[in-house]
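These features come from TrEMBL:
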type: BINDING; residues: ARG75; note: pyridoxal 5'-phosphate binding site
type: BINDING; residues: ARG97, SER98, GLN105, ARG313; note: substrate binding site
type: BINDING; residues: ARG271, ARG398, LYS463; note: tRNA binding site
type: MOD_RES; residues: LYS284; note: N6-(pyridoxal phosphate)lysine
Amino acid sequence: MNRYTFAAGERLVSPAYVRQGCEARRTHEHLVLQLLEKGKCPEDGWDESTLELFLHELAIMDSNNFLGNCGVGEREGRVASALVARRHYRLIHGIGRSGDISAVQPKAAGSSLLNKITNSLVLDIIKLAGVPAVTNCFVVPMATGMSLTLCFLTLRHKRPKAKYIIWPRIDQKSCFKSMITAGFEPVVIENCLEGDELRTDLKAVEAKVQELGPDSVLCVHSTTSCIAPRVPDKIEELAVICANYGIPHIVNNAYGVQSSKCMHLIQQGARVGRIDAFVQSLDKNFMVPVGGAIIAGFNDSFIQEISKMYPGRASASPSLDVLITLLSLGSTGYKKLLKERKEMFSYLSNQLKKLSEAYCERVLQTPHNPISLAVTLKTLDAHHDTAVTELGSMLFTRQVSGARVVPLGFVQTMSGHTFRGFMSHANDYPCAYLNAAAAIGMKTQDVDLFIKRLDKCLKTVRKEQNKQNDVPTVDNYDKTENVAIEDTALRLDNVLLDTNQDTSS
């Protein structure tokens, strides 16, 4: 409704009442106006009525929702199910055009506006989270692995002679497969063990660059967010190496937006050296459904090149999800979540320390990892080979998700590459361990319930171990004793057989 319709309404209802309703409407419109003018996440979150009004206004700007629209093409935003239409707020056309995922669609002004606003809000949040130097970003409807692949494919055109990607090892399949899918050969750099932590071997990285030759290296593929005892790569030092040798640098920042430490590493890396792009997941950082990522960087033209590399139009669902989430939270709400996550990390660390000490274990000292923690399982691994994996199964069946139990010596082969000690990020890590992470959205009750169930599982595994250790096995006897026992058993069987025959006769 606009001022003309409100004026017409005054002939039917008291003008005082209509004007009051008009002022209420203007309050909603003022919030939308501020969003469009500033392009930043509002400080305070919006209520649902404002959000739905805004999304409805965007939807009616798309041609599929025009009254009297006559669509005669193959892609006219037709939807068979009304439920599906409502699920997407009738924003059916998606985002981008065939040549650029960030381009404006003539048929879908509303969806295009949604796309532009979402990218602007996400850029604002990345700056707020600790990377103020970032210049451009866009939401892509693919998870982190495929988004990394898109970055590598874009670099292919800039470095046609390159066939290698230097990759400090992190045992996460999608990271490895992102390079294979793009058609490059990963050069795995093993990590250095420093105390309990697995850290970047900078000398090995530089030596490999010199061995292969800078022109044959597509990029260095580093990681910030990772699972303990692996800690974030030495991003600043890697950025300097890349700058010195003229090699691109792509950072996997999968769930790093929620960590001020990870974001600071990226900011500093761009300041002292070279970072071409960094990729982060939407679901892990903004608590939305899986299916989207953010590709960001410090060179506006390169980020635009990546967006143009995406073939065809794209789903608007990830953009819509993160837009609704950020407008609901506001920058104040998101900062509150970041603060609570840090508090949960400290709380989880303290609770795990108490529990581990009760079982003669310890929390691994990984001060450079701000999200993930690891607890040793030496006492389990020392007594029974299957006890470690059994603990993982017990936790899973008791509805503990996200915790990861890592045994020693697991071997994994992917695309012809064999990783020893897979999941532990090293060929020979000193001990088996259990992981838990304090990610955005975690609450105190989540930690308490996890500790309670972990305690019960550890008790159960220990009891089973004790039972097995009390039962003697054949290996505990001398061979001569075994022969004697067998002879006695045989004589006894013969006696019983003779007795049975006498009875039957």
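Every residue, even glycine, has its Cβ placed from backbone N, Cα and C.
What TrEMBL annotates, mapped onto the structure for a quick look.
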residue	record	CB count, 10 Å
ARG75	pyridoxal 5'-phosphate binding site	12
ARG97	substrate binding site	18
SER98	substrate binding site	10
GLN105	substrate binding site	18
ARG271	tRNA binding site	12
LYS284	N6-(pyridoxal phosphate)lysine	22
ARG313	substrate binding site	21
ARG398	tRNA binding site	15
LYS463	tRNA binding site	10
Quiz item: Just the number: how many Å between the Cα atoms of SER98 (substrate binding site) and LYS284 (N6-(pyridoxal phosphate)lysine)?
Solution: 29
Exercise. Rounding to the nearest whole angstrom, report the longest C-alpha distance spanning ARG97, SER98, GLN105, ARG313, listed for substrate.
Key: 10
Quiz item: Relative to the Cα of ARG313 (substrate binding site), which of the recorded positions ARG75, ARG271, LYS284, ARG398, LYS463 has the closest Cα?
Solution: ARG75
Quiz prompt | Inter-residue C-alpha distance, ARG97 (substrate binding site) and ARG271 (tRNA binding site) (nearest angstrom) | solution = 34
Quiz prompt | Alpha-carbon spacing, LYS284 (N6-(pyridoxal phosphate)lysine) to ARG398 (tRNA binding site), which is rounded to whole Å | solution = 23
Quiz item: How far apart, in Å, are the two Cα atoms that lie farthest from each other among ARG271, ARG398, LYS463, the residues recorded as binding tRNA?
Solution: 55
Quiz item: Cα distance, ARG75 (pyridoxal 5'-phosphate binding site) to ARG271 (tRNA binding site), nearest Å?
Solution: 45
Exercise. List only the single closest residue to ARG75 (pyridoxal 5'-phosphate binding site), chosen from the binding-site residues GLN105, ARG398, LYS463 by CA-CA distance.
Key: GLN105
Quiz prompt | Whole-number Å value for how far GLN105 (substrate binding site) lies from LYS463 (tRNA binding site) (Cα to Cα) | solution = 65
Self-check item: Listed in sequence order, residues not in ARG97, SER98, GLN105, ARG313 with Cβ within 8 Å of the centre of the substrate site Cβ atoms
Solution: GLY94, ILE95, GLY96, GLY99, ASP100, ALA103, GLY312
